[in-house]
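Please read the structure below before turning to the comments.
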Amino acid sequence: MKPPSGLEEAQRRQASDIRVFANSCTMHGLGHIFGPGGLTLRRGLWATAVLLSLAAFLYQVAERVRYYGEFHHKTTLDERESHQLTFPAVTLCNINPLRRSRLTPNDLHWAGTALLGLDPAEHAAYLRALGQPPAPPGFMPSPTFDMAQLYARAGHSLEDMLLDCRYRGQPCGPENFTVIFTRMGQCYTFNSGAQGAELLTTPKGGAGNGLEIMLDVQQEEYLPIWKDMEETPFEVGIRVQIHGQEEPPAIDQLGFGAAPGHQTFVSCQQQQLSFLPPPWGDCNTASVDPDFDPEPSDPLGSPSSSPPYSLIGCRLACESRYVARKCGCRMMHMPGNSPVCSPQQYKDCASPALDAMLRKDTCVCPNPCATTRYAKELSMVRIPSRASARYLARKYNRSETYITENVLVLDIFFEALNYEAVEQKAAYEVSELLGDIGGQMGLFIGASLLTILEILDYLCEVFQDRVLGYFWNRRSSQRRSGNTLLQEELNGHRTHVPHLSLGPRPPTAPSAVTKTLAASHRTCYLVTRL
């Protein structure tokens, strides 16, 4: 870098002068502090005011930065309209898990103690209570037993329960339902979207624009209560859960009941929930558990593609791994590759382990970043009326008493063709942080972004003057010192030149060599080397 000339150095020193900068800076108050003249009371007051304003500004900036670092969020609720809505999945389970007419002596041998609390000596009496003959002499139980096959064979069949089905006025049937295993046994899901089936939609709200089904709960197939056990059902009817297609049902925890002898109206409203990921929230699209790997819950079905992440699915996979580690098997409604637990494993290990785990709530499952829920309002009326009882009895070849005690109607529909959008949003964005800092800067010190650039420019001038100027001055001093030494050497040679004879000289040989030691416009000193 070329060292500055005298004029450039003077200009640079003027630019780095604090008084010059204070008079030209757009920051308020500096001109009153660093103006010409000595220290006065007025200048001291201005300095105090500027320092207090600067301290207040820095405090506000620190508070705003701290608040931004806490990553607060806000929740907004918006009512939105839609031309059509996807109809939810509807899962149905009969409260009675097994039909009495389908139980065999082999079933009681394997599952009687675990499921019904029966002692082996009570099997014959229980079979008589079921209206079935006792085990024949020489009865030999099967060497193995599969709980999933028991529920698939002895559970209530939808073909027998479903008396009538209509979706938006169009007939539907058992083929529109998908078999799924839950903790309540074999259940059925309408509009599940399984196997890539197209999801049903509705363009209208209100009754008659959704699913309407008539069911026979088959109360005569309910198992007799032999002993009071922990999960003994005393009610009659079905359990219903309305949920999104992306999550498996948890009907034993989230389902509501529908009783025979009533028509239950379920008015739904779709809620689309959107959560924020860290650091503003805790949502995730995958479980924080690295072992999370959702698999189909149908123990009799073939594996299919993994469903999207959901809170219920994550908990179900977590419970399955816990039971598999504790018992070496899994319950029939759980995903995984472990074998299904035997009835004795259900009683001695799986059910107690699962209940203990649910009490501790040890599964780490964050909320999904996007999910769909359905708010419900239930109302009901008694059926059948006196006018319709005889007609229904004749139509289904049943007595009027049977119709009253076993038949129910379930009507599920959207209240209106709109949905609620519940969204989490960052409560304090970067733009708001910059806006607050800019506002505080203008309020307290009368500065802006350009003022900061002015200060940076001044600091560059100071650096160039004080730091780089120091090295330039040092280099110039070294150069001047070198020139002084050279001049002294030349002066030394000049002092020896007068001892030479300046009178007439003998002629020199032509081969002589002369060297000029010093020259000027007046004289030239020569040293002759012979």
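Just so it is clear, glycine is given a Cβ too, placed from its N, Cα and C backbone atoms.
Under the heading topological domain 'Cytoplasmic', Swiss-Prot lists 1-43, 461-530. As annotated by Swiss-Prot, transmembrane segment applies to 44-62, 441-460. Here Swiss-Prot flags 63-440 as topological domain 'Extracellular'. Per Swiss-Prot, disulfide bond is recorded for C93-C187, C165-C172, C283-C369, C314-C365, C318-C363, C327-C349, C329-C341, and the stated evidence type is similarity to another entry. Under the heading N-linked glycosylation site, Swiss-Prot lists N176, N397, citing sequence analysis as support. Feature annotation from Swiss-Prot assigns region 'Disordered' to 285-307. Annotated compositional bias 'Low complexity' per Swiss-Prot: 298-307, in sequence order. Under the heading motif 'PDZ-binding', Swiss-Prot lists 527-530.
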Nearest of the recorded positions (C93, C187, C283, C369, N397) to C329 (disulfide bond), judged by Cα-Cα distance: C187
Beyond the flanks of the transmembrane segment (441-460) by at least 6 residues, Cβ under 8 Å: 15-16, 21, 24-29, 50, 53-54, 56-57, 60
Assigned element (helix, strand, coil) containing C341 (disulfide bond), judged by DSSP: coil
Tertiary neighbours of C327 (disulfide bond) (same chain, Cβ under 8 Å, six or more apart): C341, Q345, C349, A350, A353
Residue among recorded positions C172, N176, C283, C314, C369 with Cα closest to the Cα of C363 (disulfide bond): C314
Winner by Cβ contact number (other Cβ atoms within 10 Å) across the disulfide-bonded residues C165, C187, C329: C187
Other C-beta atoms that fall within 10 angstroms of the C-beta of N397 (N-linked glycosylation site): 7
Candidates N176, C187, C283, C369, N397 (recorded positions) - the one closest to C165 (disulfide bond) by CA: N176
Candidate with the highest Cβ count within 10 Å, taken from the disulfide-bonded residues C93, C172, C283, C349, C369: C93
Number of Cβ atoms other than its own within 10 Å, given for N176 (N-linked glycosylation site): 19
Pairwise Cα distance for C314 (disulfide bond)/C283 (disulfide bond) [Å, integer]: 13
C318 (disulfide bond) to C187 (disulfide bond) - Cα separation in whole Å: 22
DSSP-derived structure type at C329 (disulfide bond), helix or strand or else coil: coil
